[in-house]
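See below for the structure under consideration.
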Amino acid sequence: MLLFFTLGLLIHFVFFASIFDIYFTSPLVHGMTPQFTPLPPPARRLVLFVADGLRADALYELDENGTSRAPFIRNIIMHEGSWGISHTRVPTESRPGHVALIAGFYEDVSAVAKGWKENPVEFDSLFNESKYTWSWGSPDILPMFAKGASGDHVYTYSYDAKREDFGAQDATKLDTWVFDNVKDFFHHARNNQSLFSKINEEKIVFFLHLLGIDTNGHAHRPSSRDYKDNIKKVDDGVKEIVSMFNHFYGNDGKTTFIFTSDHGMTDWGSHGAGHPSETLTPLVTWGAGIKYPQRVSAQQFDDAFLKEWRLENWKRLDVNQADIAPLMTSLIGVPFPLNSVGILPVDYLNNTDLFKAESMFTNAVQILEQFKVKMTQKKEVTLPFLFTPFKLLSDSKQFNILRKARSYIKHRKFDEVVSLCKELIHLALKGLSYYHTYDRFFLGVNVVIGFVGWISYASLLIIKSHSNLIKGVSKEVKKPSHLLPCSFVAIGILVAFFLLIQACPWKYYVYGLLPVPIWYAVLREFQVIQDLVASVLTYPLSHFVGYLLAFTLGIEVLVLSFFYRYMLTAGLTAFATWPFLTRLWTRAKMTSLSWTFFSLLLAVFPLMPVVGRKPDISLVMGAGLLVLLLSLCVVTSLMKRKDSFIKEELLVHLLQVLSTVLSMYVVYSTQSSLLRKQGLPLMNQIISWATLASSLVVPLLSSPVLFQRLFSILLSLMSTYLLLSTGTVSDLICNLLFSVF
């Protein structure tokens, strides 16, 4: 049994690891040639403001008095530049958001191995392609781009990480620090000839990462005065920085300014998912090479934001977040980031049609280069007769599109060039996705075959050892044949040889060969399979079909509940009727009624909001008191019914009750500390981690009697659950039901 358990853990570990090799591999490729527009750029320098965690509606909307909380940015929209919404992608986190903005590609899912904190694969970026880049802001973001840069031309200035405490102080100081340090930097440059000459070069970038809004959103939520006041502070700071740049460079008209955000934030102060409040971020651009505001009489969008924001008469230009990277590179004339998949938004450019056409052509060639490298890599490790190329973009079609685009440029048909290049880009992006997922079907099939085999083998062992199902129909066991093991050895050799000649990674051998011994073990139990089939055939057909339908329906309800929470309500409602469909109702009416009542009560829970918007600590305290009352009743009952209720068992339960009390204290004191902006107390952190650790160990010290062991597990889980509660009605109901069940 120990061997079987160990083997099961190992196999499940392999199946779990397969998720990362199938779905979480890096899409990045290397070996491309840098591409840049062969025409003079409109700007010598670019200033990028990223207001971390800023929602589009929070910036663009008017307050209750009908005035903008960001008057300088709104004035830019109406009189100086272009604006729109930047659509981000999941996960809406700071690191992938900044990578999309600055490097032009979306989340490298292989970063899950690094806890989403850094990219495990080197990548190119706007900063790397620039002549010099100076950046100020969070130590969590800036080093990522300096680390991947070639040479020593990306400079970072960060504050101490301790300043990022969500509740310890006024988070606007994070943004004030950035603005003040940028001003000091330029003041110092006037007295430093070497630095002065560098910041007067062309193709340079200044990056200001503003974390205060995100920090205040997490601590106080986007509807809070702190969050909204922080937007006003950022607006004032941006105004001062823009004025300083214009004065420093003598209003030469060669500076481009871009103001945007990496992601938004939900009403309850979180981000990471795909809610519109998280994926819709502002984009405001002005300065060299940017179109001036365009007045329009009507605009067609699927939302009603324009009317809400009272911007319906100023043309809105929406982009995908990765499109901002090629926009910035074309403005200062540096090569497009090699891994960028962004499509240049030419509608933002205030330049000649020739410049737009050439920039779009360069964008298409840059993405096509990635497609060619990806195709070559896959072709080199696949047998010629098994390789299936991406048919929508053959070599001849690539050549024809590029030749036609160049001919259109020669004949000054610039609109046709832009359309043709966009078509080529879309095909190249589809091809990139095709080759990136080329092995996904092969790996998925192997994992499914292996997993189904393991389930079958485990089921057969259980039936063989612990079931009466096959008794009475068992036949004489035949002497095992050597044909079966020889056949599976041959299959294993063929699979290994197939993988070897294709130079597959070593992990492919694991996924390809694992099903072989598993299915060998299954077929060794062929006699059990025969007996099982014979037993099943003895059942009435109606019973068999009924069980099969109930089983299938239950599986479907569980699957659908991942997408529709109310399906859990349907399943629990069906559970509530179970006693009335069996003989239990006639034998134990009170138990049946209790089962039905609590099942229906639990069925209400999935219908409630996923996340509460207004926390109420009194509800958490009420749930904790409910647990304490239940604990007192159970312990008292055990002491009365069981004379052998020893001191050790009583001590374990008392320790768990104490843990519940401490959890209630931590929740209450933490809430109070955050409201006073004193941060999270160290003692609370220690208690919380100790509670989490003990909840995994203490139940093992309780009595092995089923009821007492379950009761001990309940108390341990409740202590942890209280620490995770936000104080909504849902939390209270869940605590109640958890305690009862």
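Even glycines carry a Cβ here, placed using N, Cα and C.
Those TrEMBL annotations? Automatic predictions, nothing curated.
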Point to revise | Matching range for TrEMBL feature annotation, transmembrane segment, among 96-117, 514-535, 536-557 | key: 536-557
Exercise for review: Would you mind telling me which of 42-60, 650-668 TrEMBL tags as transmembrane segment?
Suggested key: 650-668
Check your understanding: Can you tell me the mean pLDDT for the domain 'GPI ethanolamine phosphate transferase 1 C-terminal' (430-728)?
Key -> 84
Check your understanding: Do any residues of this chain, six or more beyond the ends of the transmembrane segment (441-463), have a C-beta under 8 angstroms from a C-beta of it, and if so which?
Key -> 4, 8, 11, 14-15, 18, 21-22, 469-470, 508, 511-512, 514-515, 518-519, 521-522, 525, 528-529, 532
Review point. What residues in the same chain, six or more past the boundaries of the transmembrane segment (483-502), come closer than 8 Å to it by Cβ-Cβ distance?
Key: 381-383, 508-509, 512-513, 516-517, 519-520, 523-524
